[in-house]
Amino acid sequence: MRGESSVLHLDLDAFFAAVEQRDKPSLRGRPVVVGGTGGRGVVATASYEARRYGVRSAMSTREARARCPHAAFLGGRFPAYREASRAVMAVLRAASPLVEPLSLDEAFVDLAASEDPALASLEVPAVTEYAELLRARVAEATDGLTCSVGVATSKFMAKVASDLDKPDGLVVVAPGTERELLRPMSVTVIPGVGPATAERLRRVGVQTVAQLEEVSEEELVRLVGTAHGTSLFHLARAQDDRAVVAEREAKSVSVEGTYDSDLSDLRLMEHLLVRQSAAVATRLGKAGLSGRTISIKVRLHDFTTTSRSSTLPSPTDDPAVIARVVRALLAELAAGVDTGPALRGGVRLLGVGVSGLADWVQDDLFAGLAEDTPEDAREGAEEPQELPEPPRARPTGWSPGADVVHDEHGRGWVWGSGRGVVTVRFETRESPAGPVRSFAVDDPALHRWQPEVADDPDGTEHVTEHGTEDVTEPG
DNA sequence: TCTGGGGTCCTAGGACCC
DNA sequence: TCTGGGGTCCTAGGACCC
C-alpha cells in the first residue's frame, strides 16, 4: 500500500453493448444483450437498459430473453471491441508507461510512473482532476464510450473504488481512509472471494470485511488454504503491495466449444477435437509460441468436467503433433472404466489447450531430442528383452493413428517419455489410403504414454522422442 | 435444454532425484 | 538395509475472474 493514491483502475461501462449502441444508433436507449445466441448461450454484457429488467452477465441467454424479450440480442463483433480496446489502451499508455490490461475493457495504470505534465502531483485533488481528464480522453478516442475509474493506494482499493460510482463515475480514495471504506462491505468485494469461499466464510459467521478482520490468519488458512488464507487476511486490512505489471506473458492457449446438443459419437468428438487442435496451433503460430503440455477438456451433459493432459519432451506448435496427442487423450478417456461410459452418455463441451509455453519454436525436432534423451529410455530401446511381460489384461483402449514399434517377438510397443516403455497390442487394417494401424494399451497404470512421434515420410515406423535409430522397425 | 469462452492460480498426490 | 527429508515435475480438479 502506497502513501499516495497513485494506482488507477479503469473499467469501460457495459463495454460490448456500449460499442454496439455507439455503432448502431437504432440501439441507443434500448436494451441490448451481447453474448451467445445459441441454445446454450450466456450473456457477456447487458446494456444498462437491459439490466433494469434483471439481465446480468453470465446469465443464460434463455433467461435473459424471458426477462427482457424486446431486447436486441447480438452475438458480438470482437474485431470492433478489440479496436475500441486498443484505442483506450493507447490513451492509458500515453498517460503512463505502466499499464496493465486485465481484459479488453479493464486496466490498471500506475500514475506514479506517469510523465504526463497534466498530472500536477499525486495529491488527491490533482489526481482527481487528472482522472477526469483521462475519462474525457477515453471518450474522445472511442467516439463516446464511457468508463468508470477508481484511484487509490493499491490495486485492490482502486478496483473497489471504480465499482462505487458506475456507470460513468470516478472515485478517488484518500490515503488512510481505506479500511473505514471497506469495513461495511461484503467479503465478496475481495478479489478471489467467489461463491465457494463466501459460503465457507458465511458458515463461520463472516459476511462483512469488518467481521473478516476479526478472524486470525491461522483460522483463515485452515478454512481456505495457505495462499488464499494469507491473501484474505491482508486484503481484509487493505494491505496490498501488488505492483502494476505492464507485460504479462501468456501461460496457455486454448479453444473450446459448447454444442447445442450433446455428443455421443466418439468419431465425431475426435473430429471436433482435431479441428480445435488446428485452431490452437494457428493461434500459437501467430503468437510465435509453442508449448509442451497438451490437454483436452470434456464437459458431460451433467456439467461434470474432466481433463487429460500429456507433456511432451519439447514444445510444439505443430497441428499434426497436437492432434495426435489429443486423439490419444480422447482414446484414454474412452477406455476409462468410469470415463468411457460417461463419454458415450453425452458430451456438451470439448476443448483443446496447450500450456507450458515457450516463446520459441523448435526448428529441428530431432536435433533437440538427441541431446536430452533420457538414459533409461535409450537402454530400453537397446534392450527390448527387458520390456515388461506381455500383457494378460484386456486392452483398455484403442488409439487410432499412433505409431508403434514391434520387437522381434512381434509384440507392439509405444515409447513413454522417460518413463520406460508401455506395452500395447496393435492391429493393422487395410484402408484405401493404405494400412491403418491401431493399438491398445494393456496396462491401465501405464497408459499415460507420450505419443510424440514424427511424421512418417519414408514409410517406416519410428519414434523420434528418444532417438530414432534405436527404435526403427526391423524390415 | 439452467450454466460461454478465454484465461489464471492453487492444491494435493505421486514419481523421481539427491 | 532402513529411514527420511527436500525439491521439482507432472497430472487432475477446483475456484475464480472478465
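Cβ atoms are placed via backbone N, Cα and C, with glycine included.
Predicted automatically and left uncurated, TrEMBL annotations should be read as such.
Feature annotation from TrEMBL assigns domain 'UmuC' to A:7-194.
Residues annotated as site 'Substrate discrimination' in TrEMBL: A:F16. Of all Cβ atoms in the shown protein chains, 27 besides its own fall within 10 Å of the Cβ of A:F16 (site 'Substrate discrimination').
A 10 Å cutoff on Cβ-Cβ distances gives A:E106 (active site) a total of 18 other Cβ atoms nearby, all chains included. Annotation comment: TrEMBL describes A:E106 as active site.
According to TrEMBL, the feature region 'Disordered' maps to A:373-410 (among others).
What TrEMBL records for A:428-475 (among others) is region 'Disordered'.
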Cα separation, A:F16 (site 'Substrate discrimination') to A:E106 (active site) (Å, whole number)
12
Three-class DSSP secondary structure - A:F16 (site 'Substrate discrimination'):
helix
